[in-house]
Amino acid sequence: MPPIELSQTQFEQHFGYASQQTVFAPGRVNIIGEHTDYNDGFVMPCAINYGMSVSFAKRDDSIWRVYAIDINETDAFDIKKEIPQSEDKWKNYVRGVVKYIQERCPEFIQGADIAMTSDVPMSSGLSSSAALEISIGKTCQVLGNLPISLAEIALIGQRAENKFVGANCGNMDQLTSALGQKDHLVMIDCRSLDISPTPVPQGYFIAIINSNVKHDLVTGEYNSRRQECEFAAQFFGVKALRDVSPEQFIERAAELQQLNELAYKRAKHVISENHRVLEAVEALKANDMQKLGVLMGESHDSMRDDFEITIPEIDYLVELAQVAIGKNGGARMTGGGFGGCIICLVPNEKVEALRKLIAENYQKQTGIQETFYVCTASDGVRVV
């Protein structure tokens, strides 16, 4: 059953009456621009046709009752009182967003019954957490008729994940889930929050292949990567690595390498990756899919060798995909790293060959069964 239908039927089953409204927030996949968002850089993701559905109804008090359908767990808290952190991680995503919505809009004290479900695979690098944050943020906005923009909801979602959940993520995932556009990739400037939509190339599909090796950003090495980037930014005397051009990096690279080898490698990735995103925009405008494929390949190599966030299973998937796709199109790891998914921009006529090559080889080599999704670029959060 699709998530929208599921959240509505399960709401009624669980609470004993029908929900009033439903919000759907999509997951996202990033075509290029990895670990650049928290360096104030550029990214090029799209919202996907998988996401989080939240069905809800107003209560006549200030209690929130939350039913997480997929794990069959519940939460309850009073939003007129201080909202405490929970030992259950999923509850903190919901509580954190509500808490920071209230900081922005202190008048928000509307209680609600909520049932939520997602078809974004957890810990896959497709932003199941951002879809949850944005769907809850939009739910608050609708419940209280609050005067907040989608971009603000995105930044509140990021803040909840940073401060309340404890994952030091950037803002790309939340911005994409909030502001995605159907049939478009969105180039986001993570400093100014400017968004430039670019149509998905005609005759191409977005294929996502999940390695089914799970990652966890809170306990993973994500936070240490962020610290290494901040060290490099301080070395260059700038606010963020976005402010260092490739030429400036080359000029002082040897000095940084001597001082801190890891910071050197991380900076090399971020600075070159920012440049690749800008080149990718130009390649798409020119419909130069060969160039885009080269950029995606360079991005993957940089994540593997300099940012050191790929794993053998992911590298193997990318190798297989590159063989199947050929020169027109590309493949790379997508998401935070240490598992998760690869993304492929693949000509329509090669989708089945790609699926077949991976089905014949990946499990044989790794002992793990992959999951293959063909996605469409979708609109951001919406009331359905």
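Glycine is no exception: its Cβ is also placed from the backbone N, Cα and C atoms.
For ARG28, the entry in Swiss-Prot reads site 'Transition state stabilizer'. Annotation comment: Swiss-Prot describes GLU34, HIS35, THR36, ASP37, TYR222 as substrate binding site. According to Swiss-Prot, the feature ATP binding site maps to SER123, SER124, GLY125, LEU126, SER127, SER128, SER129. What Swiss-Prot records for SER129, GLU161 is Mg(2+) binding site, and it gives sequence analysis as the kind of evidence. The active site, proton acceptor feature in Swiss-Prot is assigned to ASP173; the stated evidence is sequence analysis.
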Inset, instruction - Indicate whether ARG28 (site 'Transition state stabilizer') is helix, strand or coil by DSSP. - result: strand
Legend entry - ASP173 (active site, proton acceptor): secondary structure state under DSSP, collapsed to three categories: helix
Legend entry - Residue among binding-site residues SER128, SER129 with least C-beta crowding, 10 angstrom cut-off: SER128
Legend entry - Count of other CB atoms lying within 10 Å of the CB belonging to SER127 (ATP binding site): 31
Legend entry - For the substrate site built from GLU34, HIS35, THR36, ASP37, TYR222, further residues of that chain with CB within 8 A of the site's CB center: GLY33, TYR38, ASN39, VAL43, GLY170, MET172, ARG225, VAL270, GLU273, GLY336
Legend entry - Mapped DSSP class for GLU161 (Mg(2+) binding site), helix or strand or coil: helix
Legend entry - Spatially closest candidate among HIS35, THR36, ASP37, ASP173, the listed recorded positions, to SER127 (ATP binding site) (Cα to Cα): ASP173
Legend entry - Fewest other Cβ within 10 angstroms of its own Cβ, chosen from the recorded positions ARG28, HIS35: HIS35
Inset, instruction - Write out the long-range same-chain contacts of THR36 (substrate binding site), meaning residues 6 or more apart in sequence whose Cβ is under 8 Å from its Cβ. - result: PHE42, VAL43, GLY170, CYS190, ARG242, VAL270, GLU273, ASN274, VAL277
Legend entry - ASP173 (active site, proton acceptor) versus HIS35 (substrate binding site) - Cα distance in angstrom: 11
Inset, instruction - Mind giving me a neighbour count for GLU34 (substrate binding site)? Other Cβ atoms within 10 Å of its Cβ, every protein chain shown. - result: 28
Inset, instruction - Measuring C-alpha to C-alpha, could you say which of the recorded positions ARG28, LEU126, GLU161, ASP173 are within 10 Å of ASP37 (substrate binding site)? - result: ASP173
Inset, instruction - Can you tell me which recorded positions out of ARG28, GLU34, LEU126, SER129, GLU161, TYR222 are within 10 A of the residue listed as 'active site, proton acceptor' by Cα, answering none if there aren't any? - result: ARG28, LEU126, SER129
